[in-house]
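Since the structure comes first, as structure tokens, the remarks are kept for the end.
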Amino acid sequence: MKTFLSSFISSLTPYTAGEQPQDRRYVKLNTNENPYPPSPKAAEALRTFDVDRLRLYPSPDADGLRDAIARAEGVERENVFCGNGSDEVLALCIPAFFDKGGRGAAFADITYSFYPVFCDFFSVPYRTVPLKSDYTMDLDAFSKADCDGILLTNPNAPTGIGIGRAVMEKFVAENPDKLIVADEAYMGFFGESAVSLTKRFKNLLVVKTFSKYYSLAGIRCGYAVGDKALIRGLFAAKDCFNSYPVDALCQAVCAAAVSDGEYYAAAAEKVRSERARLRTELIGLGFFVPESASNFLFAGHPKGGEFIYRGLKERGVLVRFWNTEKLKNFCRITIGTPEQDDELLFALRDILSR
Ligand code: PMP
């Protein structure tokens, strides 16, 4: 029977989002959401939003939101691009900055698994650079790689390992002919953002999200900060695809959130202190857990990631597991509230005592 699907779309392997089972109550530690609510200012912006504004299209370029982000990041509006989640911003980077017949993109073999999907979707070639044996990024290998640009998750996912600003600066300076896209989805939990470097380096684009640090995964907004020429490239890509990607409500709520730095700094501090506690507890239970700069832990166990993942799911706790050769001993565990993490630890003790 005719499927009506193009042979191109049939040939692709799409990204798989983290599961959201509805059969019971779960402690959800599988998609790196923030356990704390959006800021009171963001909530107020939502409550006081004038519904009549929804009759009209939003600002196509999200100018009010770009101004608020520019203020928070210490750049100008023309240095900021907003999209419908940082996934969309990252996706648009591919047609904006890479040629189909070019040298392509490079990224780590263990990193955000959406990158190869974006490249395949836009028919841009890519190569992967293995992480070092200690799970850190091999920056020397990236410098030597024959490519037009590098997608670098920092802190990396699922390892949680971060690259400090000084190291990043050296890396960007050493690679003037490569575009470095720093995906800083989890940077709020590390505090070493490369945004300030975008003023000096025209080959650096920093991509951030409202989903993690700003506790707004449900509203879908992300942004890029970089040289004005790069930002113009992203706008050209957007306007060939969707003129109004960021809706009016989202623009209002995110502008309020990004202006509430104190609230979010305090919430991130709670996540960081819980991260230290949970890591110590997991190590005590026999896990191997690299130091994390993020809001999740990369936890390996001799009994294997699948054993831990399944045991936890049976006990109502969701974590992320990938059944691949290099990741099969690990689970990625989002930092929850102390109460959620206690439930996780209780379940783990039960699983491991059997
Ligand atoms: N980058 C990384 C490394 C991520 O883990 C995620 C979340 N899955 C994203 C980008 C996308 O986040 P969002 O689309 O919610 O902004």
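Placement of Cβ uses the backbone N, Cα and C atoms for every residue, glycine included.
Predicted automatically and left uncurated, TrEMBL annotations should be read as such.
For 26-346, the entry in TrEMBL reads domain 'Aminotransferase class I/classII large'.
Positions annotated as N6-(pyridoxal phosphate)lysine by TrEMBL: Lys212. In the three-state DSSP assignment, the secondary structure recorded for Lys212 (N6-(pyridoxal phosphate)lysine) is coil. Non-local neighbourhood of Lys212 (N6-(pyridoxal phosphate)lysine): Asn32, Glu33, Asn34, Ala185, Tyr186, Gly188, Phe189, Asn295, each in the same chain, at least six residues away, with C-beta under 8 Å from its C-beta.
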